[in-house]
Structure formats: C-alpha cells, structure tokens
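Input: a single structure, listed below in structure tokens.
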Protein chains: 2
Amino acid sequence: MELVFISIGLGLLAVIYGFVTSRQVLGASAGNEKMQEIAGAIQEGAQAYLNRQYATIGMVGVVVAVLVGVFLGVIPAVGFLIGAILSGVAGYIGMNISVRSNVRTAAAAETSLQSGLTIAFRAGAITGMLVAGLALLAIAVFFYVLVGQMGFAANSRDVIDGLVGLAFGASLISIFARLGGGIFTKAADVGADLVGKVEAGIPEDDPRNPATIADNVGDNVGDCAGMAADLFETYVVTVGATMVLTALLLTQLDDLLMPLMALPLLIGGACIVTSIIGTYFVRLGKGTNVMGAMYKGFLVTAVLSIPLIWFATAHALGTAGTDMNTVLNPGTGMVEFTGRDLFYCSLIGLVLTGVIIWITEYYTGTNYRPVRSIAKASETGHGTNVIQGLAISLESTALPTIVIIAAIIGAYELAGLIGLAYGATAMLALAGMVVALDAYGPVTDNAGGIAEMAGLDESVREKTDLLDAVGNTTKAVTKGYAIGSAGLAALVLFSAYTADLNAFADKLGLDVVDGRAAVNFSLENPYVIVGLLLGALLPYLFGAMGMTAVGRAAGDVVKDVREQFKEKPGIMDYSEKPDYARTVDLVTKAAIKEMIIPSLLPVLAPIVVFFVIRWIDGSASAFAALGALLLGVIVGGLFVALSMTAGGGAWDNAKKYIEDGNHGGKGSEAHKAAVTGDTVGDPYKDTAGPAVNPMIKITNIVALLLLAALAH
Amino acid sequence: MELVFISIGLGLLAVIYGFVTSRQVLGASAGNEKMQEIAGAIQEGAQAYLNRQYATIGMVGVVVAVLVGVFLGVIPAVGFLIGAILSGVAGYIGMNISVRSNVRTAAAAETSLQSGLTIAFRAGAITGMLVAGLALLAIAVFFYVLVGQMGFAANSRDVIDGLVGLAFGASLISIFARLGGGIFTKAADVGADLVGKVEAGIPEDDPRNPATIADNVGDNVGDCAGMAADLFETYVVTVGATMVLTALLLTQLDDLLMPLMALPLLIGGACIVTSIIGTYFVRLGKGTNVMGAMYKGFLVTAVLSIPLIWFATAHALGTAGTDMNTVLNPGTGMVEFTGRDLFYCSLIGLVLTGVIIWITEYYTGTNYRPVRSIAKASETGHGTNVIQGLAISLESTALPTIVIIAAIIGAYELAGLIGLAYGATAMLALAGMVVALDAYGPVTDNAGGIAEMAGLDESVREKTDLLDAVGNTTKAVTKGYAIGSAGLAALVLFSAYTADLNAFADKLGLDVVDGRAAVNFSLENPYVIVGLLLGALLPYLFGAMGMTAVGRAAGDVVKDVREQFKEKPGIMDYSEKPDYARTVDLVTKAAIKEMIIPSLLPVLAPIVVFFVIRWIDGSASAFAALGALLLGVIVGGLFVALSMTAGGGAWDNAKKYIEDGNHGGKGSEAHKAAVTGDTVGDPYKDTAGPAVNPMIKITNIVALLLLAALAH
C-alpha cells in the first residue's frame, strides 16, 4: 500500500502545482478595459456552454449510474460517478483557466514574446497537470479505499468492476465533451468563416462578425475542455486497464500482485514529477523558435522519465523482495518476463510518443512536403486542394500505424500482453506534458483574437500570431498522440475482455475447454468476420454523424449572422454592436442537441450486436462477434481518426503557409482554395477525428460491463 | 464432364451474342462527317492509350509469368497467361465497341430517344456478355483441358494451382487496367474542367478545350475497359475460388466432387442465358424513364435466373444420383448441407445484388436525401459542399455493410463456407447484365460530348443528356455491386488460404494439431492484430497514391492546356484548332507512369510482411499475420471503396441536380461549389475507389501463391 500512498502524494503534487501556477497566471495583468470586456464575453459564453453541457450530460450520467448500480452493484456505480465527476472537473477547471489566461497572454505579449509564451504555456500546464493529477488521484484513492479500507482482495471482482466503472464514467463524459465541444467549436468556426471571410469580406476575429465570440468560445470548449476530458479518460482507462489486466492474467504471482497492480500508478506519479520539471524548460533561446521551446520542455520530461521509471519499477519489485532481473512466471500460457522487460516496455511507450509526435509534425508542419504539396495544389483551385488534402490524409496513416505495430510486437515479445499494457501506461504517463502543449493552443488562439478585436498594436498581433502558429501544430501533435495511445489502450481493454470471458465462462453458460471459455475468436469463424465488419463500420457512421452535425450547425450560424447583418445594418460601420450572445446561445443549443445520438452509438452498438447474434446463433457466437467488434472498432477507428486529424492539420497549415506569402499569399486564388481546404479540415480534425478516441474505448468498456452484467 | 461442356456451350453463346449484336450496332449510321471526325479522334486516342497500356502491362506480365513458372510450375504459369490475356481481350474488345457506338448513339438520338437507348445499351451489352462469356470460357475450357484431357484429378494440386494462376493473371491485368484507366480518365476530366470550366469559362465538351478529346477517351478506357477487366477478374476469381474451395474443403463427397466443382460454371452459364434475355427487355415504356427501362432488363434477368439456378443445381446433383433434399456430409468440421441449401445461398446472392443496387441508387440518385443534402450544402459554399459530401460518403458504407453481413450470416448458416462461395458465385453470375449497365455509361457520355462538339441540334443534346444522366447512376451502381461482390469473393479466397494452409502444413514445416496447421488465427494473437492493422492500412496507402497520381497528372493537363491557349491564341475564336493528340499523349504517359507503383503494392506487401514476421517470430506467426492481413485488406478495403464510390457519385449528381435548376442552377455560387465537390469526387469514385477491388483480391491471391511456392 506504500506504493499507492506515494502515487497519491504525487497526484496531489500535480494539483498543488496547478493551484500555485494558476495564482501566478491570474496575478498577471489582464490588459485594458476593452480587452477585459471581450475576454468577459468569451468567459461568459464558455461558462454558459459548459453549464448547459454538463447539465445535459449530468442527466444522462445519472440514468447510466442507476443502470450500472442495478446491473452491476454499488461499487461500479460509485466508480462511475467518481470517473464522471472528476473528468468533468478537469475539463471545467482547465477551461476556466484558459478563458482567463487568453487576455493575460495578449497583455503579456505587449511586453515581450517570452512573457506571452510563459503565460500561455503555464495556462496549458495547469490543465495538463490537473488532468494527470486528478486522473491519478481518482484511481489511486479509489483503489486504496477498496483494498486498503474496505479490505477487498486486489484482484477481487469488486475491485476489477469498480475500476471498469471508473473508466466508464470518465469515458462517457469524455465522448460527450469531445463531441459537444467539437461540434460547438467547428460550427462556430466554419460558420464565422463562411459568412465573415467569404461573404462579408471581413477578416478573421473581426469584432463586426457576430459569430466571432462564439468562435473564440469554441476554441476553449473544444480544444481545452474537450481534450482535457479526452486525455483524462485515456489516462484512467489505460492505467485502470493495466491494473485490471494484471489482476486477471497474472494468476501465479501472489506476493508480487499488489506491487505490480500499484506500479502503473507509481509510473504515472513519477512522470508527474518529470512533467513539472519539464514545464520550466519551456523557454525561448536567442531566436523566436517557439516550437523549439516547447520541444525542449517535452524532451526534458521524456528523458528524465527514463531513470525515474527504472527506479519506480525496481522499487516496486523490491517491496516484494525481487529485483529487476528475476524471471517472473505469471501463469499458464503467459509470456515470462522480468522487471527489466517491463522497464523496456515502458521505454517503448516513451519512444513511441516521441516518434508519433515527430511524424505528426512532419504531416502537419509547414516545413515539409505534405503541407507544401497541398499549398501547391491550391494554385489550380478548390478541387485540387481538397484532392491533395484527402490524399495526404489517407497517406498520413501509414507511418503511425507502422510504428504502433513495431511497438506492439516489441512490447509483446518482451513481456506479452502485460508488456503492451506497460507501453501504453508509459505513453499516458506523459499526458500532463502533452496536454500542456495542447491546452496552450486555445489560449494563444484567443489571445490573437482579443488583440485583433481590441485593436491592439500591430506588433502585438504579430507576437500572438507567432505564438498561435505553433498552437496549430501542437494541437495536431496532441491528437496524434491521443489516438496512438487510445489504440494501445483499446488493445489492452480487448485483452481484458478475453480474460474476463475466461474468468466468467461458467456464469455465462459457456463451455470451458482447458480452463478457457469455448469462444472461437479465430478469423475462420464467420461471426468474427461479422464482428470485425460491424466494428469497423462504427467509426465511419460516427464520423458521418459528426460531420453532418457540424455542417448543419454551421448552416444555422450562417443564417443567424446574415439575419443580424440585415437587422442591424450599422454593424458594418461599427455604429451598432452585434448580438454575440445570441450566436453563442444558438451554437450552444445546436451542439448539445447534436452530440446526444452519436455519443450513444458506441454505448448501444455492442449491446445490440451481442443480443442479435445471440438470438441468431447462441452465446458463443455472440461473444465471438462482440470481441471481434471491439477489435474492428480499434482497427477501423485508428485509421479514421489518424487520417482525419492529420489531414485537417495539414489543410489548416497549408492555408497558413500561403498566408505567409507563398503561392500568391493572402487574397490570391490559391488562398481562397486553401480556405476551402481549411474549412473541410475543421470538422475532420476537431470534431469527428478526435471524438473517435473515446468512442473506441467506450465500445470496449461497454463490452466489459456487459460481460459483468450478464455474469451477475 | 457433361456439365462443363454445357457451360462451355453457354459461354460460346455469350460470345456469339456479342458478335451478332456488334454487327447490328456497327451497321447503324455513324452520323455526319464532323461527328465521324470527332469520334475518330476519340478512337485513335483510346487505341493509342490501350496499346501503350497493354505493352507496359505485357512486360510486367511476362516477368510475373516467368516467376510463376519458376516458383510454381508450368500449369499455373499457363493459367496466369490465359487469365491475363483474356482479361485484356475483354477490355480491348469492349472499348473498341464503345468508341464506335458513341457516335452511332448520337446519330440515333437524332431519330428518337429509344433508338439512342437501343444502340447505347446494346453496345454495353456486348461488353457485358463478352466479359461474362470469356470469363466462363477461360475457366471451363482450362478446367476441361486439365481434367478431361490431361487427366488430372479434379481436386489435384495441379488443377487448384492452375485455377489460382488463372485468377492471378486476371487480377494483375485488372489492377493495372483499373488504375491506369482510372488515372487517365480522371486526370483528363479534372484537368479539362479546371482549366476549361473554371479558368476559361467555356462549357464542358467544348471543342476549343484541348483536353476535351482526352476527357472522352478517358471515359472509355476507365469506365469501359477498366470496368470490364475488373469484373472479368472478379468473375474468374469468384467462380475459380468456389471451385478451389470445393476441392479443398469437401473431402468426403467422392461422386459429388466433380458435379459440385462444375456447378458454379453451370450457374454462370445459366445466367448468361437470362442476361441475354434481359437485354431485350430494356425498352422505354410510354414516358422517358430510361432508368426504369434499365431496371426492367435487370429485373427480368434476376427473376428468370431463379428457376434456372434451381434447375442447374438439381441437374448437377442428379448426375451423381442425388437430389435437392439429400443431406451432404462434406467432411469433418464442415457444415452439412443439401442442394436446396446451395440454391438458397445462390438466392441470397441474387437478392444481395438487387439490394446493393437499390442502396447505391439511394445514395447517388438525385431523388433522395443524400444527394439533395449535398446540393443544399452547396448554397453556403465550397467548404460545406465538401463537408457534407464527405459525411455522406462515410455514411454510405453502413447499409451495404449491414446487408453484406446479413448475407454472410445467412449463407453460412445454410451451408457453411461453401454457402458463402455460392452466394458470391450467383452474385457474379449476373455480371453480364451488370457490366452492360455500366458500359452503357461511357457510350452515352461520349455521345453527349460528340453531339456538343459537332454542334448538333439542341434537341439531340437534350436526348443524349437524358441518356447520360442515367449513366451516372448505373456507373455508381455497378461499382457498388463490384465492391460488394469483391468483398464476398475475397472472403472465399481467405477461406481458401486457411484450407490451403491445412493442406500444406507438413510441407510448410508447421505443426499439425487435429489434422489442422497449428497457426493461431485467434484475435488474441498479437500477430493477428498486427496483420489486421497492416491489411487495413493497404487500401489507405493505395488510395493516397491513386489520389495523388490524379492530382499530379491533372496538374500537368492544366499546364498543357494553358500553354496551348497561349501558343495558339486563335483557339478561343475557333480560328485555330487545339492539338488534342498532344494532351492525349501527355495523359497517356502520365497514367502509365503513375499506375506502376501502386499496382505493385498489393503484390509485394503480403510477401514482405510474411518474410519480416517470419524473421521476427517464425513461420506460425508469419502465417497468422499474413492471414490476418488478408482479412484486414477486406475489412479496410470494403469501407474505403464503398465510401469513395458512393461519395463520388453523390457529389457528381448533386452538381447535376443543381444544373437541373435547383438552388440557383447553372452559374450560381452553389453550382460553383458543386463543381468543386464533383472534382473532388472524381478520383474518389473513378480512380482510387474502384481500384481497391482488384487490390483486395490480388493481395489474397498472392498469399495463396506464396503458400504454394513455399510448399513446393
């Protein structure tokens, strides 16, 4: 239990960091009155949206909590509530910091680039550390209460179901936050662009555009609150699933069970320390290389994590009297491994994180072939821009898939499924730092908007533009990371599903052969093929719903703005003020309405598929099809998500690249084509693509819960 | 052997139909001199392209034939050559008919709509019957020579390998023809549109556009020659694989083996008869419902096929002294079935064909929600048009997947894997009629172009437009059918792979457990997951290459046309003639160059993956990963292909819908946005999407060949 206490301590450290740093950030100047007024409007809008979003999610959450309680018992229901509430809290606090730091970043940029960077990055770091810290605390404290206080065995069903419930709570909130926020941000963004830039011919962030506040609100609720909830969920799911898998699979490690279940927590704690240290290395050198400063911070964190993870692993094994080189025999049919192997697997996770970040930058950065090819294709028009963008988005799936495959093979060869789980855990352990990079994005994006709207000096806008250009890349990079890690986490969940199936075989009425449930997961079983096809279909259908929702909501925004221009003709010559709140309110309602049905798809699909197939061909086929569906979602979802997020990022930066004066620059025909590409990429990269993450995991978690409910 | 003779006779019937009908078509008036001149230019260009394409493919083909000969023996090499040559012949003849019927259709449309329809549909039917007839003859004659003349046992390795070689030959030509033709047609189309409609402001098919002949050539080499090769291949692969599977799996049916191996041929022959009858029912009623006339023909064919397939099945079983209700026990571990079950499975194939056609029409027809939603989204600009189009393309995968799944389950429950094979065979048996619908498309498209360029009366253009509007839908419908059937065919091939693995286990050095190779195809094996991911990646990478190729080649066309406009300023006032041949030549070179590397991807990927994984973890893991890769390609490819073809068709018809006077009609802002969508959809639906079909099957066939080569 000592290991769990250390982890709780380190989780608290992250929260304290967040508290102290937020006082620093909030202590900075909030700029002049005009700036504060604009920032106030954004705050108000974001607050209003989040309140309504959480109210809606809350209703769904209560219903689901009751269902979990009825079918699975009180502990999973409590776990569900903890996961749900803390996921919401992480997003909520993050967003509150974000909407207060934006104006302070703009004000600080009046002094120097470094000051602006410091405020914006610190703001991101607060969200990052809160996500990692709260996630770690949620699992560690819950585990401590169940095992240490209530006396359940670490591998008892109560603990396992509790952890799965916790993950479910986090995931369910996450998919709503991701999708709702994603629809909000892109409906506002696309709508504002279409009617502002294209029709009225006014620049981005022009205060005359009634949708401009909604656009800035969107950055916060999408990229900050949405991403925070997403990574909170991935963290909880990954670490939780690693613990569950340890409990389910490692059946012959009596003394080591407890240390090995606590080790993922400890690794998470260790990386909180290194992430905090890393944030202090985000500083500009002599030049203005903002991205370089970011990478410096990330690299410090990653490199420092290596010895700390070694130390954590050695310490955990030491508490049970073994060392890093002792060969552990986890149980029949399992790959043997040593502590050293687990360390290497963690290392694979760290390296995978770095490589995926690098690949994403290659595909979305303005210095490389992909973005430039899209920019060049814009010269021949809208059509060729979109064709090339789609080609890049398809292509961008290749390298990440190959490195993920290499990681899977490497981790599996070292330590079997547990190795895979440790790879995923180490990857997620860096979440604090990665979320910091991401949450930085909306702050600088808003800062630029505020500078523009408040009419600050051109030099300030230049600085905020420099800060913001990097935000585009860091946002893309984080999404690549989130999806890669989600893929690994989902594989761990799938393993938990098969392990659970064996554990429950009797209660589920399945035949048992050689101690395993007689469910045929072979590709030769047609129900496996059916499951794979159905699973792969889900991300497509989900993506279609997300894209349609954005299109529909953006259309509403366009109509609203057109009406405002008509009702208040004075808007154009600044003699009348547009009604920002009306647009915010409209987008809020649309986003909330549109998020419900797609979010329920991954919840209901596994249940429906299971019962339909059971009706056709019995339980064994139904469990096989359900298992295959889980893998199908992972395989299909990985490609859909990777292609959408990288493609969208590339389109966005191709536009930026042209705006920097290439291929004719701003206002050229190429630029118009690039704006179209950017618009197309928006729902790709910020709505449908990233929401596939939590979707994959929810499907898997619901399957686990279904198993447990059927066995009860 | 009697059954094989009947099949050969029916195959010859199709060829005779083609011969007789082509004399009828060619006997019709070829219009005035101007029309003949234009048609001559198209013929010349198409001929030149096809000659060069086949010369290039020929070189690759000879190399591959030698490799097949060295690694697998003479019979597979001969099979390969037969498949390759006949696939080429089918495309070649089809295209030759097509480029001669276009002008005759335009001329006939001067008389009446019915006359135009008759010529155009007959031209399509010639290609259709030749595809089905030659494919049937290829397999039946080859089988007869091997078994009847050379005396090999029907289920001997020589026969099996020979049939696989035949399928490989057909597939390899098909992927080149599909991709080369697809790149040609869309590079010309996109290039012509961009520089003509968008830049120069001249209408489609305007004779002043130097790329217009290339555009018309493209319709023929892409939609006619490419589709003919594609469905020739799918036919050979499906019927061949059903025979191979029968030989491999049904080990306890001594007397019935020969009739059951011949039955797929007989079903193919029966449907040739019904397809020929169906073609005579393609007639207009009182109105101008061209699509209705088409469906009448298809429906007659499908309905007449039901009793004929029953009769064929009963007759085949009768030759071995059993009837439709005798329960057959095919061997250990196999599902028992009756002749009646096989008939029901064939029925499933027929129904699946009809339902997929209906679904495709729903997603691509102008009367339904999907196309209209894209048209409506065009009102708010290029961006929203593309977003909605992408949403529809993602959504359009759902219904086909669900009905395919229902078909898989139904056929499998009735008669196991063999049932699935019979479903696929019956589906393909309708290929003659379906290709007729498809090949009709380029003829009417060209007819419209010729009418425009030759300055025929407005009323003629109206009639060709009526004929052509349907062509858009029939082309989309055929693609949906081709992909659905390819999915089933690939599943049959995958079954052949696993059956082969068991047959070869000893020679491959694999352990044998319970008479089966000890290869773990379970989803719990990480190498299966690795294989699934790699397999699903292939269509993405392949699609990226295809899209990029079109973008690049279209860019070349734009440059060439711009140069021609500059060099010959008189083009615009008709005082100078553009150099059509130069553009055709340029696109030809580009298409040939661009088709090579993507085409080799599915050939090399399975080989590379196998050897890399074998090097890492030994043979058993390598075979598991390879098998999973095959399924991954099917699962991934199905979605990529379905979404691309349906999405592209929807974009195309959304443009047509606006041109019909909706949302502002031609020249409106909505129309411009719709043109962008159409351009984006072009390479989606005519290059990358359909080429995924042969790609899926090549990957599977190469794996079969690899197994055989390793076992030798």
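Yeah, the Cβs are placed from backbone N, Cα and C, and that goes for glycine too.
Checked against TrEMBL, the range among B:159-177, B:691-709 recorded as transmembrane segment is B:159-177. Taking residue pairs at least 6 apart in sequence, the transmembrane segment (B:80-99) and the transmembrane segment (B:481-505) share fewer than three C-beta contacts under 8 angstroms. Contact between the transmembrane segment (B:159-177) and the transmembrane segment (B:596-616) is supported by 3 or more Cβ pairs under 8 Å, counting only residues 6 or more apart in sequence. Long-range contacts of the transmembrane segment (B:525-542) within its own chain (CB-CB distance under 8 A, at least 6 residues past either end) are made by residues 598, 601-602, 605, 609, 613, 617, 621-622, 624-637, 640-641, 688, 691-692, 695-696, 699. If you take the C-beta of B:LYS475 (site 'Determinant of potassium independence') and look for same-chain residues 6 or more apart in sequence within under 8 angstroms, you find B:ASP223, B:ASP438, B:GLY441, B:GLY649. With a cut-off of 8 Å on Cβ pairs spaced 6 or more residues apart, the transmembrane segment (B:341-364) and the transmembrane segment (B:415-437) reach 3 or more such pairs and are scored as touching.
Below 8 angstroms of C-beta separation, residues 348-349, 351-352, 355-356, 359-360, 362-363, 370, 373-374, 376-378, 420, 423, 480, 483-484, 487-488, 491, 638-639, 642-644, 646-648, 650-651, 654, 673-674, 676-677, 680-681, 684 of the same chain, each at least six residues beyond the ends of the transmembrane segment (B:385-409), sit close to that stretch.
When Cβ-Cβ distances below 8 Å are used as the criterion, the transmembrane segment (B:622-646) is approached by residues 360, 363-364, 392-394, 396-397, 400-401, 404, 476, 479-480, 483, 486-487, 490-491, 493-494, 497-498, 501, 508, 510, 517, 519-521, 525, 527-540, 543, 602, 605-606, 609-611, 613-614, 684-685, 688-690, 692-693, 695-696, 699-700, 703, 706 of the same chain, each at least six residues removed from its ends.
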